[in-house]
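**Q** Got a structure here, written out as structure tokens. Questions coming.
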Amino acid sequence: KETAAAKFRRQHMDSGSSSSSNSNYCNQMMKRRRMTHGRCKPVNTFVHESLADVKAVCSQKNITCKNGQPNCYQSNSTMNITDCRETGSSKYPNCAYKTSQKQKYITVACEGNPYVPVHFDGSVLLPATSTQAQAPLARGQ
């Protein structure tokens, strides 16, 4: 059976490539990575950074996951990612996706030993602050 870490790599890692010039990238990759089997996965993100860089996020900024779990981490820097989103005309088995290339901070959930990403929790343009009520000059202390 596919481990959670292997599933994360299959669904979210595409190191050393980018989708920049290819509007068909998501249609090809979603199929190739088996996310259109049985149904169309509505939204998926591919990360175009090294696996080592993405694994390193597990030791970066600890934040709460969208589902309330405490084991999410946000990257210290932006990463080159591609968002794939199902189009309105997409109908299984002919899944169709819109490809959007972005530079964003990513959030992943990590678990296991070694501690590795097992779930992609989202991406943001601006990093989360550890506490919302932080004084503006509290950085770098």
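Cβ coordinates are placed from backbone N, Cα and C, and glycine is handled just like the others.
Not my notes, these are from Swiss-Prot:
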- His12: active site, proton acceptor (ACT_SITE)
- His119: active site, proton donor (ACT_SITE)
- Lys7, Arg10, Lys41, Pro42, Val43, Asn44, Thr45, Lys66, Arg85: substrate binding site (BINDING)
- Cys26-Cys84: disulfide bond (DISULFID)
- Cys40-Cys95: disulfide bond (DISULFID)
- Cys58-Cys110: disulfide bond (DISULFID)
- Cys65-Cys72: disulfide bond (DISULFID)
- Asn62: N-linked glycosylation site (CARBOHYD)
- Thr129: O-linked glycosylation site (CARBOHYD)
**Q** Using a 10 Å cut-off, grab the number of neighbouring Cβ atoms around the Cβ of Val43 (substrate binding site), all chains included.
**A** 10
**Q** For the substrate binding residues given in the record (Lys7, Arg10, Lys41, Pro42, Val43, Asn44, Thr45, Lys66, Arg85), what is the largest pairwise C-alpha separation in angstrom?
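**A** Taking every pair of listed residues, the largest Cα separation comes to 22 Å.
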**Q** Listing them in sequence order, which of the recorded positions Cys72, Cys84, His119 have their Cα within 10 Å of that of Cys110 (disulfide bond)?
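**A** Hits: Cys72, His119.
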**Q** Going by DSSP, is Lys41 (substrate binding site) part of a helix, a strand, or coil?
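**A** For Lys41 (substrate binding site) - judged by DSSP and reduced to three states - the answer is coil.
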**Q** Rounded to an integer, what is the Cα-Cα distance in Å between Thr45 (substrate binding site) and Cys58 (disulfide bond)?
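**A** Approximately 18 Å lies between the Cα of Thr45 (substrate binding site) and that of Cys58 (disulfide bond).
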**Q** Calculate the distance in Å between the alpha carbons (Cα) of Val43 (substrate binding site) and Asn62 (N-linked glycosylation site), and round it to a whole number.
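**A** Each residue's Cα considered, Val43 (substrate binding site) and Asn62 (N-linked glycosylation site) end up 24 Å apart.
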**Q** Taking Cα atoms as reference points, rank the recorded positions Cys40, Cys58, Cys65, His119 by distance from Arg85 (substrate binding site) and give the first.
**A** Cys40
**Q** By a simple count, how many Cβ atoms lie within 10 Å of the Cβ of Lys7 (substrate binding site), its own Cβ left out?
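**A** Taking every protein chain into account, the count is 14.
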**Q** Can you give me the Cα-Cα distance between Cys26 (disulfide bond) and Asn62 (N-linked glycosylation site) in Å, rounded to a whole number?
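**A** Approximately 30 Å lies between the Cα of Cys26 (disulfide bond) and that of Asn62 (N-linked glycosylation site).
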**Q** Across all protein chains in the structure, which of the binding-site residues Lys41, Arg85 has the highest Cβ count within 10 Å?
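**A** Of the binding-site residues Lys41, Arg85, the highest Cβ count within 10 Å belongs to Lys41.
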